[in-house]
Amino acid sequence: MSKLPTLLLLLLCLSSFTSGEIKKLKIRSDNRPMILFERFGFTHTGQASISVSSVSVISSLATPDPSGLGFFLLSEESLIQVLIELQQNPNFCVLESNYIQRLFTFRDLSPPPNSSFDRAYPVTSPNEYSLFFANCAPESKVSMDVGTELYNLDGRVKDYLSAGLTQLPTLYFLFSLVYFGFLAIWVLVCLKNRISVHRIHGLMALLVVMKALNLLFAAEDKHYVKVTGTAHGWDVLFYIFQSMRVVLLFTVIVLIGTGWSFLKPFLQDREKKVLMIVIPLQVLANVASVVIGETGPFIKDWVTWNQVFLIVDIVCCCAIIFPIVWSIRSLRETSKTDGKAARNLAKLTLFRQFYIVVIGYLYFTRIVVFALRTISAYKYQWVAYSAEEIVSLAFYIVMFYMFRPVERNEYFVLDDEEEEAAALALQDEEFEL
């Protein structure tokens with residue numbers, strides 16, 4: 001694969017990837033012309049520490065020039081210029097570009113058999129940089145052990161979170177407290193209206209627990225990365241509860257959309273099939289999320305895992321809409337024969353509102369947040385994360401309010417209304433999807 005397509009594929013997946021942990025990596029017999037290791041936002045006190053050891057280069061041609069293999073930093077502003085250079089001359093070695101910050105080449109390695117190098121570089125120009133390894137030697141494979149530390153100095157203290165993400169521990173912790181408070185309110189509402197509590201309300205409470213714990217462990221994960229450069233095992237808890245939370249969220253949306261435990265105590269076969277599709281796909285998406293988060297673009301299949309995650313997430317988002325649509329159509333058909341126009345009108349209105357809320361939530365968290373992360377300056381990346389959490393909280397509040405266990409909730413107990421007016425309203429095309 002040539003350098004330009006390689007770089008473009010990586011950049012397509014990089015808009016939301018920023019890493020700063022201390023990493024120890026092993027590269028074995030890799031023939032890629034460019035390897036992206038990390039992306040990091042530096043302040044004026046930024047430092048990049050790179051160490052390599054056990055370096056070997058095997059070529060089927062002549063002995064490669066060691067100055068054609070090396071590490072460099074590439075800023076966002078210089079990216080376009082480097083792409084133009086590669087497009088104009090496919091054989092151009094990016095290490096010769098004037099738009100990069102070259103760190104070192106293999107010419108600087110200690111003599112064999114050690115073949116190692118270890119040095120820290122100050123980043124004097126604040127910006128978001130990507131750390132690359134370039135291999136300009138044709139038909140050659142590189143093996144090496146690589147250690148990276150990218151950080152900013154706050155006085156004498158190292159901050160391993162990228163500038164713009166250093167606020168995340170506090171952000172996640174505050175939102176976890178909000179969800180614990182939300183859980184307490186939900187439990188009180190359920191206790192106050194025991195008669196109207198259904199099984200779905202228990203699942204909704206469990207969902208809030210998973211969300212609160214997920215945010216709490218995310219805060220701990222980011223805090224330890226920020227302070228020490230490693231997660232100290234908190235990332236394991238984060239991924240466990242994130243997986244449980246995402247699977248439970250999609251399950252709750254599907255079950256509410258089918259009317260399970262509200263309108264009926266069972267699921268139809270087609271509704272069961274939706275759950276049988278969504279749950280395994282969400283497990284696969286969570287596996288992809290772990291691989292993406294815990295490895296990085298330096299592994300050969302990283303772009304593929306990003307594509308798997310994107311495709312699976314899109315399929316799941318589409319699948320959870322079907323039960324809501326089926327329920328709306330079923331209520332429309334039922335309203336023509338059961339003579340309960342007012343009751344059906346209220347249910348249809350509620351389902352239609354829920355349909356719009358779900359679509360809005362999925363649109364914002366999948367598209368708008370992605371756009372915010374793409375266009376936001378690297379120092380303000382936390383804004384996109386804040387927006388995502390605010391919208392998620394709003395979605396939870398609206399969904400829980402709409403289907404709260406209140407005795408006179410219009411979902412199951414309705415005031416008597418004029419049947420003729422309701423029947424006319426049911427004939428309105430606004431309920432057609």
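From the backbone N, Cα and C atoms, a Cβ is placed for every residue, glycine too.
Residues or ranges marked as domain 'CAND6/7 N-terminal' by TrEMBL: 23-152. Per DSSP, the domain 'CAND6/7 N-terminal' (23-152) is made up of 22 helix, 72 strand, 36 coil.
The domain 'GOST seven transmembrane' annotation in TrEMBL covers 169-409.
Annotation comment: TrEMBL describes 1-20 as signal peptide.
Beyond the transmembrane segment (171-191), the same-chain residues lying 6 or more positions past its ends with a Cβ under 8 Å from any Cβ of the stretch are 197, 201, 204-205, 208-209, 211-213, 215-216, 218-219, 222, 382, 385-386, 389, 393, 396-397, 400, 404-406. Annotated transmembrane segment per TrEMBL: 171-191 (among others), in sequence order.
If you look up TrEMBL, you'll see 203-219 (among others) marked as transmembrane segment.
Marked as transmembrane segment by TrEMBL: 239-262 (among others). Here the transmembrane segment (239-262) has long-range neighbours at 198-200, 203-204, 206-207, 210-211, 213-214, 217-218, 268, 271, 274-275, 278-279, 282-283, 285-286, 289-290, 293-294, 316, 319-324, 326-327, 351, 354, 358, 399, 403, 411-412, meaning same-chain residues at least 6 beyond its ends whose C-beta is under 8 angstroms from one of its own.
Taking Cβ pairs closer than 8 Å, the transmembrane segment (274-293) reaches residues 17, 235, 239, 242-243, 246-247, 250-251, 254, 267, 302, 305-306, 308-309, 312-313, 315-316, 319-320, 322-323 in its own chain, all 6 or more past its ends. Annotated transmembrane segment per TrEMBL: 274-293 (among others), in sequence order.
Residues annotated as transmembrane segment in TrEMBL: 305-326 (among others).
TrEMBL lists 354-376 (among others) with the feature transmembrane segment.
Per TrEMBL, the feature transmembrane segment maps to 382-403 (among others).
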Discussion item. For the transmembrane segment (305-326), give me same-chain residues lying six or more residues beyond its boundaries with a C-beta closer than 8 angstroms to one of its C-beta atoms, as numbers and ranges.
Written reply: 13, 250, 253-254, 257-258, 270-271, 274, 277-278, 281-282, 284-285, 288-289, 291-292, 351, 354-355, 358-359, 362, 366, 433
Fill in: Same-chain residues at least 6 beyond the ends of the transmembrane segment (354-376) whose Cβ lies under 8 Å from its Cβ atoms
15-16, 164, 253, 256-257, 313, 317, 320-321, 324-325, 328, 383-384, 387-388, 391-392, 395, 398-399, 402-403, 433
